[in-house]
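As structure tokens, the structure follows; a few thoughts come after it.
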Ligand SMILES: C[S@@+](CC[C@H](N)C(=O)[O-])C[C@H]1O[C@@H](n2cnc3c(N)ncnc32)[C@H](O)[C@@H]1O
């Protein structure tokens with residue numbers, strides 16, 4: 001298949017400044033000479049975590065208003081985990097043990113809820129209410145006033161256990177079964193939502209464009225549905241961690257079928273355009289929770305200012321590349337672990353625009369608002385996202401932030 005050619009770096013920069021993702025001010029100031037001068041020896045060293053918090057106070061304070069103090073407190077407290085059950089390990093007694101400790105599988109619970117809501121909406125249809133199936137029309141699906149969108153069934157083999165709201169019990173570390181495969185993988189449970197949104201169907205060809213260290217790759221394998229799975233990450237050292245996760249959780253015959261690569265995801269379309277039914281684009285971002293808590297590898301470190309400022313452009317390029325890698329009729333899920341609209345909705349809007357104007361590819365963002373209904377017992381959602389869904393950290397449900405948005409390629 002002939003690959004669609006992505007724009008050059010110079011063209012990207014022009015497009016991004018033109019579209020306002022990188023303001024001219026940011027662009028010019030990041031190129032002025034003082035940014036290349038070493039810091040004066042006497043200059044006070046403000047830790048990157050503090051810089052991150054200042055930055056978030058200014059931007060998220062405005063964005064979230066009176067909800068920001070609660071989100072801020074949650075970001076600064078211990079996060080909650082979910083235990084993604086490893087279906088490749090002998091896990092039956094594991095589920096029993098977790099349930100004994102009061103943990104529940106939030107994915108099955110949502111599937112049950114979806115089923116009963118769907119039955120309810122079918123009753124509604126019989127009574128003559130107007131409801132439409134999961135939005136595949138143009139633009140974001142608009143629900144007629146007074147009706148709620150019918151929930152898409154959460155058909156997944158994934159099982160992920162969490163403790164109830166307000167319960168801050170920790171999971172004990174996973175243990176190996178008789179074949180050495182670990183029983184569960186501890187992760188931010190909200191990270192599973194992008195995988196559930198992708199809705200992998202049997203035999204789908206799936207691309208995980210920014211895959212390392214591999215939590216979501218493992219979750220994709222747990223669906224048991226991938227016909228082929230390509231897991232890519234530009235970082236060779238992080239790809240090694242992906243291999244480690246695969247060897248700790250996945251039997252040899254299954255992991256050998258996963259194609260692991262270390263390409264720059266922005267070039268993917270040149271290699272394999274229009275090939276995949278489902279593409280996950282889980283981009284590098286300001287990793288808000290990490291940035292306020294950890295000094296190591298902190299994107300708010302002064303020497304990484306330019307890299308941080310250029311993140312929306314990198315994210316946009318990766319998302320465009322993900323769209324180009326998708327077959328017509330396929331889906332892309334874009335996700336970040338940031339609250340920033342500049343890294344979330346803004347990237348989606350620009351990608352839809354560029355896909356249309358430069359590549360003649362029509363995409364639209366799907367309505368995922370039923371996720372709020374289905375998962376509201378486990379996560380706190382923002383109700384303000386123009387496109388996609390955002391899980392807000394909260395002390396009673398300290399997951400996220402996770403933003404996810406699904407694009408359907410016409
Ligand atoms: C948020 S992390 C992905 C986490 C992963 N999906 C998971 O669930 O474990 C973003 C990843 O993007 C990778 N990355 C950054 N720039 C990239 C590029 N140009 N192409 C491909 N991967 C890239 C980083 O190395 C990093 O591992």
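Don't overthink the numbers, they just go from 1 along the chain as shown.
Cβ coordinates are placed from backbone N, Cα and C, and glycine is handled just like the others.
TrEMBL does not curate its annotations; it predicts them automatically.
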Completion exercise
Out of 203, 233, 296, TrEMBL lists as part of the S-adenosyl-L-methionine site with 210, 211, 212, 213, 214, 215, 216, 264, 282 the residue 233
Problem - Annotated region 'Disordered' segment (source TrEMBL; candidates 84-118, 119-153, 154-188) - result: 119-153
Practice task
Inside 10 Å of the Cβ of residue 212 (S-adenosyl-L-methionine binding site), count up the other Cβ atoms and send me the figure.
Solution key: 25
Handout entry: Whole-number Å value for how far residue 337 (active site, nucleophile) lies from residue 216 (S-adenosyl-L-methionine binding site) (Cα to Cα)
Key = 13
Practice task
Calculate the distance in Å between the alpha carbons (Cα) of residue 337 (active site, nucleophile) and residue 264 (S-adenosyl-L-methionine binding site), and round it to a whole number.
Solution key: 20
Exercise for the section: Give the sequence-ordered list of residues that share a chain with residue 214 (S-adenosyl-L-methionine binding site), lie 6 or more positions from it, and have CB atoms under 8 Å from its CB. Expected result: 231, 241, 242, 245, 246
